[in-house]
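Quick look at what TrEMBL annotates:
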- 377-421: domain 'SOCS box' (DOMAIN)
- 136-165: repeat 'WD' (REPEAT)
- 166-208: repeat 'WD' (REPEAT)
- 210-251: repeat 'WD' (REPEAT)
- 252-293: repeat 'WD' (REPEAT)
- 314-348: repeat 'WD' (REPEAT)
- 358-378: repeat 'WD' (REPEAT)
Amino acid sequence: MASFSPRVNEKEIVRSRTVGELLAPAAPFDKKCGGENWTVAFAPDGSYFAWSQGYRIVKLVPWSQCLKNFLLHGSKNVANSSCQKLTRQNSNGGQKNKPREHIIDCGDIVWSLAFGSSVPEKQSRCVNIEWHRFRFGQDQLLLATGLNNGRIKIWDVYTGKLLLNLVDHVEVVRDLTFAPDGSLILVSASRDKTLRVWDLKDDGNMMKVLRGHQNWVYSCAFSPDSSMLCSVGASKAVFLWNMDTYTMIRKLEGHHHDVVACDFSPDGALLATASYDTRVYVWDPHSGDILMEFGHLFPPPTPIFAGGANDRWVRAVSFSHDGLHVASLADDKMVRFWRIDEDCPVQVAPLSNGLCCAFSTDGSVLAAGTHDGSVYFWATPRQVPSLQHLCRMSIRRVMPTQEVQKLPVPSKVLEFLSYRV
């Protein structure tokens, strides 16, 4: 395992170029809390960007128009520009597939967001499919919102209409993730120590409860082929689940504090986890080995210090769509872009009170949300990947890592196709 820490002067590292920012409106005088931006998300097709603006509000903006506004009017935009407001109970539909700005009042503090799109030929696991209230077409785009009261609300992105209200969690819904295969399987992670699996093609039927966490569950993420789920939480927990059998595959051990974020690489061969122990680990999820460690404090803290308040808590992590870069966001007021084969960040950007981050669908922009409900955007590193990296990514588009390791080819070729440091 390689341990990478920021031991060089970060002033010598390239600063990321600011693309723009969406500033939240001033908070009402009588509201001292509840304005945090806990989550940001890009639609799978790149058409929309969404974020929790605080105080029950989710803002949906057409992403291409947002970028044009940054170019035309400069980087700063106030997030309460005029647009259609959608209440909790109804909405006014327009041209269905023409992206428009929406403001959605979710009725409670929003902790999590996820976009989902359907593939019609991907059938529901429910038997009585003829009794469905909703029949999702190929152009369907949904937004799931996880709330402070444990509810999950499902919205039609194009019309803003509330479609489903999923009720079963008894605590905050901290994270949401849709299966990437278009099946509209949704997984929710909650402070009630459970993960729940919902089938939206079966009118939001709850299919399974995944138990195993002894404390809060902070985040969850599907592998690109939808076969595996990672969930992370308090008490150093990193769990991997088989999503065909809904059973736990293994626990990954190595962190020294709560683990708060996770993300798979686009080829499914790597898994990144972020923890309050000041570290981001990159794992081989198929073997459970830690391949890389990106440290945010140098020298690396001892396990006792890492397990407490250390002023370097890592809040978020996200894999870029090129599979070559990882973004992390920490309490030291810095966003870092790491390259998976280098020992220090390749780019950094200043950010105070950051909470979450996500790459745009094309990977060109990173969005990060903050405590005051605002969003900041930076251009991501644009570097030419090595031939080895291209080969490793390409072969995993047609077979999983386990099958790559079984190929009848010389050992040197297998080594070339493996992620090792």
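Note: Cβ is positioned from N, Cα and C throughout, glycine not excepted.
Long-range neighbours of the repeat 'WD' (358-378) within the same chain, counting only residues 6 or more positions beyond its ends whose Cβ lies under 8 Å from a Cβ of the stretch, are 16-24, 27, 35-46, 49, 51-55, 63, 67, 70, 79, 316, 318-322, 327, 329, 335, 337, 349, 351-352. Proximity of distant same-chain residues to the repeat 'WD' (314-348), defined by a Cβ-Cβ separation under 8 Å and at least 6 residues beyond the stretch ends, is recorded for 2, 4, 6-8, 10, 13-16, 260-267, 270, 272-276, 278-280, 282, 292, 294, 296, 354-359, 361-363, 366, 368, 378, 380-381, 383, 385-386, 389, 393, 419, 421. Taking H, G and I as helix, E and B as strand and the rest as coil, DSSP gives the domain 'SOCS box' (377-421) the counts 19 helix, 3 strand, 23 coil. Confidence annotation: the repeat 'WD' (210-251) carries a mean pLDDT of 97 in the model. Applying DSSP to the repeat 'WD' (314-348) sorts its residues as follows: 0 helix, 20 strand, 15 coil. Break the repeat 'WD' (166-208) down by DSSP state and the numbers are 3 helix, 24 strand, 16 coil.
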